[in-house]
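Colleague: This is the feature table in TrEMBL:
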ACT_SITE  H39  active site, proton acceptor
BINDING   D40, V43, D47, S49, E61  Ca(2+) 1 binding site
BINDING   P102  substrate binding site
BINDING   H132  heme b binding site
BINDING   D182, T185, D190  Ca(2+) 2 binding site
DISULFID  C41-C46  disulfide bond
DISULFID  C139-C166  disulfide bond
DOMAIN    1-262  domain 'Plant heme peroxidase family profile'
SITE      R35  site 'Transition state stabilizer'
Amino acid sequence: MNFYKETCPQAEDVIKEQVKLLYKRHKNTAFSWLRNIFHDCAVQSCDASLLLDSTRRSLSEKETDRSFGLRNFRYIETIKEAVERERDGRKSRADVVEQYLPDHNESISVVLDRFSAIGIDTPGVVALLGAHSVGRTHCVKLVHRLYPEVDPVLNPDHVPHMLKKCPDSIPDPKAVQYVRNDRGTPMVLDNNYYRNILDSKGLLIVDHQLAHDKRTKPYVKKMAKSQDYFFKQFSRAITILSENNPLTGSQGEIRRQCNVANKHHHDREEP
């Protein structure tokens, strides 16, 4: 925060305005960015390494299995260009993604430990997972709960919809098959997610664990009852996450092109 306070005082205002404009044009953009922030900031630091493309020598973070479905990176470049107009570059670590990002199949203990390591407490974790209130879950991430047998903990009233959306036990990832995380208010970040998981309608295993583990269930119930409490905890936790181990001083670089490290930028300009 306030990184450009001296060199470009209007930078944060420009960014806010661009985000509002993009949201009006493409509402799903905001939801995908919530996930992008998590995937970038939870892996060692908020350094935009998630944006980097793969090179001949290294696989990018955004192409790892746990980053499946991440999108809308191109709009970051749009925002950057707007900041640069007002104002007149660290390697990607795909190999450490799994070390920091909890998987949707991992135990709630692992999830709590991973977040605790960056200063986010239990109510903060419960609130951050409330981002599952919006967006979608790709079938490749949940078919193991449907085939060959339906997970018995799933709400039986919700299963037909899931099967309709994910009719294949081995879905084609290029087909972009998915289930909306929240059928009631799919485009609104609200506390409906908590009511859903208490009713066993969570799509991911981590959703079910969150609602039933004795360490997290009290906060799930509290957020299900109070949207204000959810918002308060969410804003607190997302602030901690977004400020996780930032690069300062001479660390890192300000990239000329968001998806390319400066040392590779010249190579792309060669004929």
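Cβ atoms here come from the backbone N, Cα and C positions, even for glycine.
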Colleague: What recorded positions among C41, V43, S49, H132, C139 are found with a C-alpha within 10 angstroms of that of D182 (Ca(2+) 2 binding site)?
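Modeller: So the list is H132.
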Colleague: Anything within 10 Å of D47 (Ca(2+) 1 binding site)? Look among the recorded positions H39, P102, H132, C139, C166, T185, comparing CA atoms, and list what you find.
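Modeller: Within 10 Å Cα-Cα: none.
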Colleague: List the same-chain residues at least 6 positions away in sequence whose Cβ sits under 8 Å from the Cβ of D40 (Ca(2+) 1 binding site), in sequence order, or say none.
Modeller: C46, D47, A48, S49, L50, L51, E61
Colleague: If you compare CA-to-CA distances from T185 (Ca(2+) 2 binding site) to each of the recorded positions R35, V43, H132, C139, C166, which comes out shortest?
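Modeller: When the Cα distances are compared, H132 comes out closest.
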Colleague: List the Cα distance (Å, whole number) between C41 (disulfide bond) and D190 (Ca(2+) 2 binding site).
Modeller: 23
Colleague: Between the recorded positions R35, H39, H132, C139, C166, which lies closest to D190 (Ca(2+) 2 binding site), Cα to Cα?
Modeller: H132
Colleague: List the residues in the vicinity of the Ca(2+) 2 site, defined as same-chain residues other than D182, T185, D190 with C-beta within 8 angstroms of the site's C-beta centre.
Modeller: S133, V134, G184, P186, M187, V188, L189, N191, N192, Y193
Colleague: If you measure from the Cα of V43 (Ca(2+) 1 binding site), which of the recorded positions R35, P102, H132, C139, C166 is the nearest?
Modeller: P102
Colleague: Can you tell which of S49, T185 has the most other C-beta atoms within 10 Å, given these are the binding-site residues?
Modeller: S49
